[in-house]
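Data block below; observations after.
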């Protein structure tokens, strides 16, 4: 386990967009609600309240599918400018307690309060104070996780949702990690989890007891990362004012695909909606300069293609898909990904002065 013990808080707003809508319109509070696009325009759900989640509605789900699961679902369009203003207010609350703030999206952030003198230096009390300030000033709830390392703080913030917090003190880190299901580790998706389970790995203790070289051989970079996490090692620092250069999503298939039609179905129904939501949460106003597609074949050869394009446009991914499939040469496809490259802030400022 890492000997450097810090005080890390992960704050995650509860169903943020939907919560803002319910706050501003009391009639929405007692019914299933989602923020998203219209079903006739092949829209997707950005987020939904907990009432809607009882019916199986989830973010990145096509609106048409969500309405089948929950016919009484009210779907309202997003108000990104409002959400951004609320997010700015939330970050101003964070800054009262520490200057070490790493925003992950409009509704989520890491805070390092190791050297903070607020609340007698107690990370637990600071998390409580932040959540109280958010409620008193914005009438919104937040959940928090407190731990000595980043990944565990993020895991902890999900343990007492909504409107709660969970604290993992240093002396309990390893005991909590040992029983932690691998699907709770950030970065472990459905396909990775299936492969881990096939290897007899279900909780972190299984990984901790495994041979490092064998993990590296079987699972590559993921195996190395899981070995570290399972031993309580996460030396990543809270990065202040991190500028995001790109946003991407990808899907590894349990069964390889081959045809253009299969690829396009994945892009249209899964990847593009997920990318749109991720981009929206990361920074809805930041300019796009490129769109790209990544493809990995059954022989593990990876290829990417990207072209200059200044809008997030589904039709343009169709052109990129046609281009990248020229490199397929009959091979099956095991991974497909979409990405957008964002304009650097400095470049954007320079252009605005011209």
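The first residue you see is number 1, and the count goes up from there.
From the backbone N, Cα and C atoms, a Cβ is placed for every residue, glycine too.
Taken straight from Swiss-Prot:
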ACT_SITE  108  active site
BINDING   12, 107  Mg(2+) binding site
DOMAIN    8-189  domain 'UmuC'
SITE      17  site 'Substrate discrimination'
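Residue 107 (Mg(2+) binding site) sits 9 Å from residue 17 (site 'Substrate discrimination'), taking the CA atoms of both as reference points. Working note on the recorded positions 12, 107, 108: by count of other C-beta atoms within 10 Å of each C-beta, 107 ranks first. Shown in sequence order, 35, 46, 47, 78, 83, 107 are the residues of the chain, 6+ apart in sequence, with a C-beta less than 8 angstroms from the C-beta of residue 17 (site 'Substrate discrimination').
For the domain 'UmuC' (8-189), the mean pLDDT of the prediction comes to 94. The CA atom of residue 108 (active site) is located 5 Å away from the CA atom of residue 12 (Mg(2+) binding site).
In the three-state DSSP classification, residue 12 (Mg(2+) binding site) falls within a strand.
Under the three-state DSSP scheme, residue 17 (site 'Substrate discrimination') falls in the helix class.
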